[in-house]
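If you check TrEMBL, you get these features:
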- 82-106: transmembrane segment (TRANSMEM)
- 135-154: transmembrane segment (TRANSMEM)
- 166-189: transmembrane segment (TRANSMEM)
- 195-211: transmembrane segment (TRANSMEM)
- 223-244: transmembrane segment (TRANSMEM)
- 250-271: transmembrane segment (TRANSMEM)
- 278-299: transmembrane segment (TRANSMEM)
- 311-337: transmembrane segment (TRANSMEM)
- 349-371: transmembrane segment (TRANSMEM)
- 377-403: transmembrane segment (TRANSMEM)
Amino acid sequence: MAWGVWCIYVLGAGVRLWLMNSSGGDFIAKRVEFSTPLNSWKRVEEGVFLYSQGIPVYSGGVFHETPLCLLISSFLIRSWRAYLSLLFVACDLLTAALLAAVAASYSRKQLVEQKKNVDKYSVDALPLLLTSESLWSGVAYVSAVYLFCPYTVASCVAQTTTVFDNLVLATVLVSMVKGYSILFGGLVAVATYQSFYPVCLLVPGIISLVQEKNSISALVKPLLSFAVSLGLLMIMSAEIAGSWEFLEATYGFILAAPDLTPNIGLFWYFFTEMFEHFRLFFLATFQINAFVYVLPLSIRLRRDPILLATALLAFTAVFRSYPSLGNVGFYLALVPMWKHLHPFMRQTFIVGCMFVSTSVLGPIMYNLWIFSGSANANFYFAVTLAFNTAQIFLVTDLLFAYVKWEYQLTHGSKIEVDGSPGRLTLQ
């Protein structure tokens, strides 16, 4: 087993390094599906050059990373330029290992919870009970999916900063499932500082910590750690940048979405067609979509905070202003943790076909539009709309499967109405 795991990691690293050193590396780095105005390494290099020349970095509208990212990137490009590809690969391998650790801790908690509540389950729920074999196979699948998912592989090959964002998110999930309150709050602050949207992970994290420790400190510690850490990061950033101008160029850029370069998201097409006097209203509506599901999902999924966190990551990957396939690949790697829910899922074939077809048609439509001139923006946006619809189908199918599995555990799989067989229908 251990030898097989090592082989997965070595093969994953080999695929990434081979693609980075092939002619396809530059092609992938230019693809809008992976590189956006927020995560493009080319823009980071340009920002570092401007910073080294003493030119204001945030006044040109090119660089939108945080000041701390600018400082760290400047050091890496000056001192580690020859080893940057190895650094990106190492971060991806570490992310896969951390996600496997999340899956392992989650599996142990699931078995303990099942043992505690086994008396409440129906007599015919035996086939639905979790086994250590099925859960531990899911742990191996989590790291394998992350290491070989084309979305995460290509994101690493393109050397996007999404690789580092995914690493921070993986550490957030580890600290959450391990119950490290102060560390969790600090890491969520770092993730929020980098890309804003991970602030929603505070909710599942606090739910998990309160359930585990059952004390008021489990609520206060992560919130206090988050506030203090984020405040310190902001003060340090203002010192590095020399002013608070970076706020508009980073978080203002994320919220206002002024760059309408095509990507896999929903913002660029709508706001290209939008009348200016409607822009603020629809901008607020689109941004609220990334967070409006936090409260209802937290109420329904309060007994499974990791599933809640995964669902929130999926929704933010769909509704953020500048998404990339690297964001999609991250939460897809977590789905095998609920391998036991697959028999209850009804749309896996449709969703799989949609993912494959849109992943193939997306670059084709983009090339027909931009390079050949034989198509237009509607063609490419139709593909991205179908891709995002597939993501919503996947998440809703997973959540409905969880609800059905949970119901059948306590009520059994046989449904009777007035003594005769019945069935549940969703209306």
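Including glycine, each Cβ sits where the backbone N, Cα and C put it.
Where the annotation comes from TrEMBL, it is an automatic prediction and has not been curated.
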* **Top partner of the transmembrane segment (278-299) among 135-154, 166-189, 195-211, 377-403 - counted as Cβ pairs under 8 Å** => 195-211
* **Outside the transmembrane segment (377-403), six or more residues from its ends: residues with CB under 8 Å to it** => 262-266, 269, 272, 297, 300-301, 304, 307, 311, 314-315, 317-318, 328, 335, 338, 341-342, 344-348, 350-351, 354-355, 357-359, 361-362, 365-366, 368-369, 426
* Asked: Is the number of Cβ-Cβ pairs under 8 Å between the transmembrane segment (223-244) and the transmembrane segment (166-189) three or more, considering only pairs separated by 6 or more positions?
  -> yes
* **Cβ pairs under 8 Å between the transmembrane segment (82-106) and the transmembrane segment (195-211), at least three** => no
* Asked: Which of 135-154, 166-189, 250-271, 311-337, 349-371 has the most Cβ pairs closer than 8 Å to the transmembrane segment (195-211)?
  -> 166-189
